[in-house]
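A.B. asks: Straight from TrEMBL, here's the annotation block:
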type	residues	note
BINDING	HIS62, HIS64, HIS109, GLU111	Fe cation binding site
COMPBIAS	27-36	compositional bias 'Basic and acidic residues'
DOMAIN	55-126	domain 'Pirin N-terminal'
DOMAIN	177-280	domain 'Pirin C-terminal'
REGION	1-40	region 'Disordered'
Amino acid sequence: MPAAPAKPRRVLQKSYAREQSGGGGTDVRRPIRPDGQEAADVDPVLALDDFTVALPDGFPDHAHRGFVTLTYLLPSSPGDLSHEDFLGNVGTLGPGDAQWMTCGRGIVHSEVPKTQFFARGLQLWINLPEKEKMSPPRYLELPRAEQPRLICDGVRCALLAGEALSAAALEGDTLAAHFTMEPNSRLHQLIPEGHNAFVYIIDGEGNFAGEEADKHHCLILSHEVGEDGLLVETTTTAVSFFIFAAKPLREPVVWQGPFVMCSEEQIRQSMLDYQCGRNGFENANTWHSKNKNNMR
């Protein structure tokens, strides 16, 4: 395990994500919201949803442009989640599986549960730099069996991107990981200087950078010069949490529905492109997912 941080990060903000009903069989907690005041401290993150969904509900055909999504179905999830998009990608996320989707210049997709068992997962929206917003869309599945799964002194980690417990990087210098810690355990997680970072607690409780916190709390970490990591400790209770860290973009963000761009003009152009089926949305008006048939 890495050595203890020389100058550990602090908790800048602690908030509780309340459950909101999406109607029917869909519920969501939003630890990070698009309208949140913490935007500069979590940049390039746009939003984080902790969702549960089951048939006959789901997220039918919808479009995106200008950002990346990371969808991670929790290992404890009773149900699965099917993905289908207009590029021809089809797959099913089972418990513990992850999916990276770069929306780039445009993608239309659906996310629908396979059964009436609740699928519970996290979905993170990550902004793309302006120079990459019109790049070709990409899709990457990261099944549970292919994820680096690390164990050290009562700490387990499912690594979705980056480096943890001395494992090699998967996605440059971005860190995305799900940790579970047994009672009476300690974690020293290094975070590169200059990266924004946050922690979302899925279950249990622990001490994060000197702050006691339990499930459904989101902790935004400090990012001062010289700070090099996060210290987490447990006592009598285990804890399960998600951590994400990345370099901030420090670019303008203009958000309109499913499109995230850098100016109002770019948003208007995106809406026209989608409506007219051009510049990345050529088959948006003719494609329909098979998943839609499983819903109401």
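Every residue, even glycine, has its Cβ placed from backbone N, Cα and C.
Where the annotation comes from TrEMBL, it is an automatic prediction and has not been curated.
Mind running through what each feature is packed against?
C.D. replies: Sequence-distant neighbours of HIS64 (Fe cation binding site) (same chain, six or more apart, CB under 8 Å from its CB) are CYS103, GLY106, ILE107, VAL108, HIS109, PRO258, PHE259, listed in sequence order.
Packing against the compositional bias 'Basic and acidic residues' (27-36) from elsewhere in the chain are residues 15, 17-21, 42, 45-53, 198, 200, 216, 218, 255: each is 6 or more residues past its ends and has a CB under 8 Å from a CB in it.
Summarising model confidence by region, the domain 'Pirin N-terminal' (55-126) averages a pLDDT of 94.
According to DSSP, the domain 'Pirin C-terminal' (177-280) comprises 13 helix, 51 strand, 40 coil.
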A.B. asks: Name them in sequence order: residues not among HIS62, HIS64, HIS109, GLU111 whose Cβ is within 8 Å of the mean position of the Cβ atoms defining the Fe cation site.
C.D. replies: PHE59, ASP61, ALA63, ASP85, ILE107, VAL108, SER110, PRO258
A.B. asks: Under DSSP, the domain 'Pirin N-terminal' (55-126) has how many residues in helix, strand and coil?
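C.D. replies: Tallied per class, the domain 'Pirin N-terminal' (55-126) gives 0 helix, 43 strand, 29 coil.
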A.B. asks: Using DSSP, what's the helix, strand and coil tally for the compositional bias 'Basic and acidic residues' (27-36)?
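C.D. replies: Its residues divide into 0 helix, 6 strand, 4 coil.
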A.B. asks: Among the binding-site residues HIS62, HIS109, which residue has the largest number of other Cβ atoms within 10 Å of its own Cβ?
C.D. replies: HIS109
